[in-house]
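Presented below is the structure to which this report refers.
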Amino acid sequence: MSVTADLTGAQAKAATLIEALPWLARFAGSCVVVKYGGNAMADPELRREFAADMVFLRYAGLKPVVVHGGGPQISVMLDRLGIDSEFRGGLRVTTPEVMDVVRMVLLGQVGRELVGLINAHGPFAMGLSGEDGGLFTAVRRQAYVDGQPVDIGQVGDVESADISAVTHLLEAGRIPVLSTVAPDADGVPHNLNADTAAAALAIALRARKLVVLTDVPGLYANWPDRSSLVSEVTADELAKLLPSLESGMVPKMEACLRAVRGGVPAAHVVDGRVAHSVLLEIFTSEGFGTMVTPG
């Protein structure tokens, strides 16, 4: 390779860094909550790249907090153990036996692996769950099938949050990695929806952004029409769109809506199948995915 080619490549890298400068200045010291899931969690290379992105945010002066689910991994483990599992109203029926597996997979497998990948770059990540330090108190969630209530067991929503454990970690320069298991008022553990938990945490932390990783490029106003991708939408506009959305996008967009209506300045849905999608959203002028604003 010629010296000229080397210089051109170096200049291109420098231009990319300079493009990020205003965003580095804008978000320095800000908390960003990232909901980690989908293919970004399933693909080994994307897992490593996501971990590196979180470390980059930390070195860039931001305060990332990761909230993860683990539905596919839970299903694999249940099958391996020969435990029957079913879904009602789009939610996994969580018996006490299933709850034991949920806790084992989220805390002992998914969370631990992500902590390890982040800490390959330095001693930054600390794993915790909604059970630690009274972080979350859950309330049992009601599901409906054909308009009728059904019992789905130990599945919960966030009733309240005590963020002191997370803020202490952030003040110490750590990257909290949160597994979505939390007790109710009676101490019974519940499996929380990770999108809902991420939104609740973003509100409680007064985060600058909520970023939700998905397996699609963003919100489509008229799925599967690929030309209907929405780059920006207000809370009121999103509320009108929700009833018509594809079922898999509803909890993610509801989380974004809840976050911005709860005081988070912006929430984003980005394609986790694209390497470094979180960085593309935060540090480029074009942004990435769909942004939800208060309006």
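Backbone N, Cα and C atoms are what each Cβ position is placed from, and that goes for glycine too.
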Listed alongside G70, G71, N191 for substrate in Swiss-Prot, from R48, R92, R174, is R92
Ranked by how many other Cβ atoms lie within 10 Å of their Cβ, the recorded positions K35, R92, K252 are led by K35
Apart from the site residues G70, G71, R92, N191, the 8 Å Cβ neighbourhood of the substrate centroid comprises G69, I74, S75, T94, V102, V105, L106
Across all protein chains shown, the binding-site residues G70, G71 give the max Cβ-within-10 Å count at G70
